[in-house]
Amino acid sequence: MSYSAKIGPSILSSDLACLGRECVRMMECGADYLHLDVMDVIFVPNITFGHPMVECLRSCVGPDPFFDMHMMVSRPEQWVKPMAAAGANQYTFHLETTTNAGNLIKEIRESGMKVGLAIKPGTTVEELAPWAGQIDMALVMTVEPGFGGQKFMEDMMPKVSWLRSQFPSLDIEVDGGVGPSTIHKCAEAGANMIVSGSAVVSSDDPRSVITMLRTAVSEAMQKRSLDR
C-alpha cells in the first residue's frame, strides 16, 4: 500500500479577503495539502480566480504547502504552464473537457506538476480507467462541480470502490459535501485524499475536524489491509 491519508481543505470556503492568512491557518491546523478551485464560468456556472492569485498565495505561504489545483475550466491545456509558473504542485483537470487526455497528461508532467484527473457525477468511472496508469490521482466528484454547500452524493461511492479494487496504489480523492457525517462512507469505499470545505474551514476547531477525518481514513485503510 503506497498511498496515505491526506486531508485538503478547500480554500474557496475561506474568508476570501484574507486568503493568504487562511491558507497559513489551515496548514497550521494540520492540513496535508490545500485544494484550490479554479472556475471559468464556461465549464461550470461560477468564477473564482486564476494563476495570478495562485502566485500571490505561493509567495504568502512559502514553498512547502502542496497546491492541488482543481481546474474546472473548459480549456485546461491553456493554463498548464501559467499554473506551473505560479507554483502549483498538482494539476487536476476534468476528463469531460478534453478529447486528448494523453497529450494533456504529458504536458502537465513536462511542466513539473503531478497529474490529477477528475470526473463529474454523470461520467462513468470506466471512462477514467484507461488513464489511471498515467495519473497520480483520480478525483471522484461527490457533488456537481461549481458551487459549495451541496449535499453529498452517496451513490458515487461505487466509483471509488471500483477504482480502489482495480488500482490499489492510486491516490483517490473525493470532493463535495464531505465532512464528519460522510467521511466514513468515503473512507470505507477507499478514498484516501479528502477535500473538505466548510466542515473544516468554518469549524470552531479545524484541527480537531482534520484529525477526525484523517483518523477515519487511516482506520479504513488499516482494516482494508487486514482484510486482504
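Glycine is no exception: its Cβ is also placed from the backbone N, Cα and C atoms.
Annotated features in TrEMBL:
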{"type": "ACT_SITE", "residues": "D37", "note": "active site, proton acceptor"}
{"type": "ACT_SITE", "residues": "D175", "note": "active site, proton donor"}
{"type": "BINDING", "residues": "S10, H70, G146, F147, G148, G149, G177, G197, S198", "note": "substrate binding site"}
{"type": "BINDING", "residues": "H35, D37, H70, D175", "note": "divalent metal cation binding site"}
Which one is it: of the recorded positions S10, G146, G148, D175, S198, whose Cα lies the shortest distance from the Cα of H35 (divalent metal cation binding site)? S10
Pop the Cα-Cα gap between H70 (divalent metal cation binding site) and the residue listed as 'active site, proton acceptor' into the table, whole Å please. 5
Fill in the CA-CA distance, G177 (substrate binding site) to H70 (divalent metal cation binding site), as an integer in Å. 16
Non-local Cβ contacts of H70 (divalent metal cation binding site) (under 8 Å, 6 or more apart, same chain)? H35, L36, D37, V38, T92, G116, A118, L139, P145, D175, V195
Densest Cβ neighbourhood among H35, D37, D175, G177, S198 (recorded positions), 10 Å radius: H35
Of G146, G148, the binding-site residues given in the record, which has the fewest other CB atoms within 10 A of its CB? G148
Give the sequence-ordered set of same-chain residues, not counting H35, D37, H70, D175, with Cβ within 8 Å of the centre of the Cβ atoms defining the divalent metal cation site. G8, S10, L12, L36, D68, T92, L139, V195
Given that the record lists S10, H70, G146, F147, G148, G149, G177, G197, S198 as binding substrate, what is the largest C-alpha to C-alpha distance among them, in Å? 17
Row S10 (substrate binding site), column other C-beta within 10 angstroms, all chains, value 24
